[in-house]
Amino acid sequence: MENASPININHSQNRQEYISQVVVTAGQMRDIEGRIFAAGMPVAALMEKVAGLITLRIQELFPLSRNIYRVGILVGPGHNGGDALVVARELHFRGYEVWIYSPFSKLKELTAQHWQYAQSLGISCYETLEQLPNCDFLIDGLFGFGLERPLTDAIASAINHFNEWQKPIISIDIPSGLHTDTGEVLGTAICATYTLCLGLWKLGLLQDHALEYVGKGELIDFDIPFADVEAILGNTPKIKRITRKTALASLPLPRPAVTHKYKAGHLLLICGSRRYAGGAILTALGARASGVGMLSVAVPESLKSILVSHLPEALIIGCPETESGAILQLQLPENTDLSSFNAIACGPGLTREATPIVREVIESDRTLVLDADGLNILAQLGTIPTLQQRQAATVLTPHTGEFQRLFPDVSDAKHDRIQAVREAAAQTGAVVLLKGARTAIANSQGVVWINPESTPALARGGSGDVLTGLLGGLLAQAATKQLPIENIVATAAWWHSQAGILAAQERTELGVDALTLTQYLMSAVRIQQC
Ligand SMILES: NC(=O)C1=CN([C@@H]2O[C@H](COP(=O)(O)OP(=O)(O)OC[C@H]3O[C@@H](n4cnc5c(N)ncnc54)[C@H](O)[C@@H]3O)[C@@H](O)[C@H]2O)[C@@H](O)CC1
Ligand SMILES: [K+]
């Protein structure tokens, strides 16, 4: 996975990979576009090119060979509307039955010219909703990255009206009504079936609250020169989408021909309580799937036999326990201390009684993953600032609730998850993985990875425990390598999601319990490697 070194974008075979990683804000896109225009590309020519590509994609999605399609085109005042008008004209020439709707009295100059030309071609144009004909699908060119303020009531009710039609909607660049950076709904928004994002992925499309509006997101590459992207984003873009290629690059595959179990990493899991025995098993099964060379699992003594029966290959360490069955004290085998391990993952199922254990692992000099009760205890201890002083990497893996308890004073994680996870990483010096439909991972230098593909099938108890084990196992194996920690965390998030997607394909979204998920981890990687 590229991070420390710049992505080599000078080879054409790398273009697609690079383009699929880059994520931009509205401001960055405007600056990139500004450079292209300043270099001499006419605005109208670029609009023609982009709209031509959109038209081709629409023809693939709704081929005339199958049907005679009637298309409604929604046109806004800016260049998003201009794109839509060029698409309207092209679809009209290709034989689609097209009508245009635009309620705006004032259009940008280029958009107004296209409107006038469309009218001259005899395409029906409407300014009000009342007499609109029926259609088979709609194209949304109301607003793109130029939407900067909440919608007026009139536009909002028009958008609601079209959503109620329940026809497929193809949004150009971004569903109208969404904020390009935060994905926030600015009043109301088009519920798209497809979003054809232009040139580079817009950040808002990767924010959780945008997902129900985006539909299937696709990128339309219109040959933005690398130099212009680099000039605005720098050599290494700070916010990136995890791709298959970047994720596979941080996997410990292939294994060296000559190795032994201790060279393949030694992970210590600290998890479980009498109340939450299952969490310990799931965490350990996640770790098993990582291929880690040696797995030790510290659990309360009363859980030892059940862990042994599920994981005969692991070293199960039974620890003294409290009256209610939480780990009272870490009791490692003779000649072993925390520095004997390459990485430690601590938290699932511990209960909040295990406070001294969490304190102890934070004080260790080992790469540390804190999850679940590990995070709740951390929030109670109020030791977040001390994480900066740790001698090894720390990874925190909160869901939104845990995040809010841990970081009450950072930006609202519900409003802008990317900003929130960045602030949390800067505050702690840790790599922070904020779980969600689009899990986001940040390091303290502001590098962010976003997992662009997942499944709601993973929204189930125990799924996070599997991730913690898997991540711990990958970190233990990477201990001797020079890979950035956030890249390994991104790989774990991607792998976990891919297993969920595969399991959901075979078993439906209802069939992916956490134990089943562990059984799909290996096949998910095997399929992705092919
Ligand atoms: N980035 C690029 O390189 C390209 C961009 N193009 C298109 O251009 C779009 C951006 O164009 P624009 O900058 O003109 O912006 P938009 O078309 O997104 O809309 C901006 C217009 O809407 C108005 N507006 C903003 N908020 C409003 C609100 N709440 N209610 C009513 N009106 C509001 C603004 O005053 C402005 O007139 C992109 O999304 C894309 O579709 C393409 O044409 C060509 C290539
Ligand atoms: K749009």
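Yeah, the Cβs are placed from backbone N, Cα and C, and that goes for glycine too.
Please treat TrEMBL annotations as automatic predictions, because they have not gone through curation.
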Figure out which of GLY461, GLY462, GLY464 sits with LYS435, GLY436, ALA437, ARG438, THR439 in the AMP site per TrEMBL.
GLY464
Additional site residue, ASN14, ASN67, ASN80, ASN235 [criterion: listed by TrEMBL with ASP140, SER176 for K(+)]:
ASN80
CB neighbours of ARG438 (AMP binding site) within 10 A?
24
Radius 10 Å, atoms counted are CB only; among the binding-site residues GLY81, GLY436, GLY464, which position scores highest?
GLY81
Which binding-site residues sit within 10 Å of LEU147 ((6S)-NADPHX binding site) - Cα, from ASP140, SER176, GLY436, ALA437, ARG438:
SER176
If you compare CA-to-CA distances from ASN80 (K(+) binding site) to each of the binding-site residues ARG149, ASP173, GLY464, which comes out shortest?
ASP173
Consider the binding-site residues LYS435, THR439, GLY464 and say which one has the Cα lying nearest the Cα of ASP83 ((6S)-NADPHX binding site).
THR439
Measuring Cα to Cα, tell me the gap between LYS435 (AMP binding site) and HIS399 ((6S)-NADPHX binding site) in whole angstrom.
5
